[in-house]
């Protein structure tokens, strides 16, 4: 069994040099499945995963086939979930995939950068949602509304749009994006307060449906606030949204020996920025979980009435959870707006123009 | 301005009734499933959409074969109800029943499953329609017989033949459902399961079977609503179910969730309110806030109802035991 799965990985490694095509990718995914699900010795499994990481990286570099990215994400999942892999292997392989494999693949096929950034943004949002749903047990189906509020916060001021209803010199220069990441924390937290104040008096299913409805309200507002005052520019969306200047990043990468061109420089920058944000969000999550509030949230999730009896003020504590989650989402919204340079009420221009799920 | 409002009023009320009947029929599916399982069946909006798509397909293929428009519509309603009802049963079998068997106590799990099913059905229909006709927007074929219109009260109300059909069909369906639930054995079993599932199973009722039939009945009603929706609004797409679905749920909550007459009443009230604000908001705000904000009004109503009368218009307050 061990030999067979190792042989599969080696065959894929060879194929990634000789014939990096779709068929080879499926073979690689099969090898990954074997490495993850077959009964293997921990040592063989670790070796296998290392081999596969190398093979998928080479495969992506030689072909740029996005199926390879699925393999890399699969390895990340395997590294975090499978038992009895030494911790340092998990860390080293995980960092290698995030910091080396994905950028290498990105230079072969820039679409992989886009995917990587999108995956990272979703991951950071999911970590924010973990505060609301995971810790406090409040099922929030309107979470994307906060993402939209964050994205619009920067999009309006980072583009000529703000000049349509305010006096002043717009668009603001790109460096302001960093400032707006903090401003978005405030605006989304206020939105969270506004939505949460009525919604959080409800429980369970009712909370879910009300947040879903209010999320939809935000979408309707974004769609229609182009009159009487043009704030959001309606269904056309806002473009171009400013990006921060990254000369320092280019020269830094230059000294590290990474050659960048006009498209990959911003993509690599935003990819690394998203990774940094994920790191910060994880740090915040872990610290919150062990804080006074984190414990109160868990208590509310487990039993509201018991928590209340223990002296936890229900509404304020839930509101803080709601606002914290919203703030995480809002920051990622700013990054999203800057990276895409385009914000509109629907996720993409090809998206059905009719009502759809708001997250 | 007042004069303008009064002139429009009869038409607004009439249109509100049509919207209300469609909401009522969808809301019944939500409320019946909630009654027996305490689950918000998010996939119900997609059951409705599947009924609408089935109606469009029947009109597309059978219109040349069946010359009589009313007969064609009858066939479409039956087919829509059957397809939607069967889909609802399949969803229950494949998604909800395995979860029930495992005895998950976390309420979020079935809810998230329902959302997943909803996504799946939307994109499945999009895929099928894409492969079949390579179309995203599906247009209901117009039939001469059903296109008539007349006016009442000296032109105060403009009534399409279609609207009359919608009202007749939905009144028949709602009456039939009331009869079924209150006067038949199956209805009694459904009410028993809704009241207490485990005790009902002690009384010789097979709860799985009753739950399955509840899904069938709710799904069929949703399917009929879908066909009628497609008939009136003519253009649909695979994502059309979301807003009517969430508003029908609002209607069910408005009437008191789990309560069947409540869902009907809630649907009618919500239809009236939404149509009222949809028409009058632009007039009242001098065009600054348009018809688009009618959905906002619907959700604000939902929040107010939940805050000040959580049991709904006809529901009864249930004391929570600790």
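Just so it is clear, glycine is given a Cβ too, placed from its N, Cα and C backbone atoms.
The transmembrane segment annotation in TrEMBL falls on one of the ranges B:273-290, B:291-308, namely B:291-308. Counting Cβ pairs under 8 Å to the transmembrane segment (B:248-270), the stretch among B:12-35, B:148-181, B:291-308 with the most such contacts is B:12-35.
Beyond the ends of the transmembrane segment (B:47-63), by six or more residues, the same chain brings 26, 29, 72, 75-77, 79-81, 83-84, 87-88, 91, 121-122, 125, 129, 138-141, 143, 218-219, 222-227, 229-231, 236, 238-241, 244-245, 248 to within a C-beta distance below 8 angstroms of the stretch. Three or more CB pairs closer than 8 A are found between the transmembrane segment (B:215-236) and the transmembrane segment (B:12-35), so contact between the two stretches is assigned (pairs 6 or more residues apart).
B:69-96 is the stretch from B:12-35, B:69-96, B:148-181, B:291-308 with the greatest number of Cβ pairs below 8 Å to the transmembrane segment (B:108-128). Among the stretches B:69-96, B:148-181, B:291-308, the one making the largest number of Cβ pairs under 8 Å with the transmembrane segment (B:12-35) is B:148-181. Among residues of the same chain six or more beyond the transmembrane segment (B:291-308), those with a C-beta under 8 A of the stretch's C-beta atoms are 243, 247, 250, 253-254, 270, 273-275, 277-279, 281-282.
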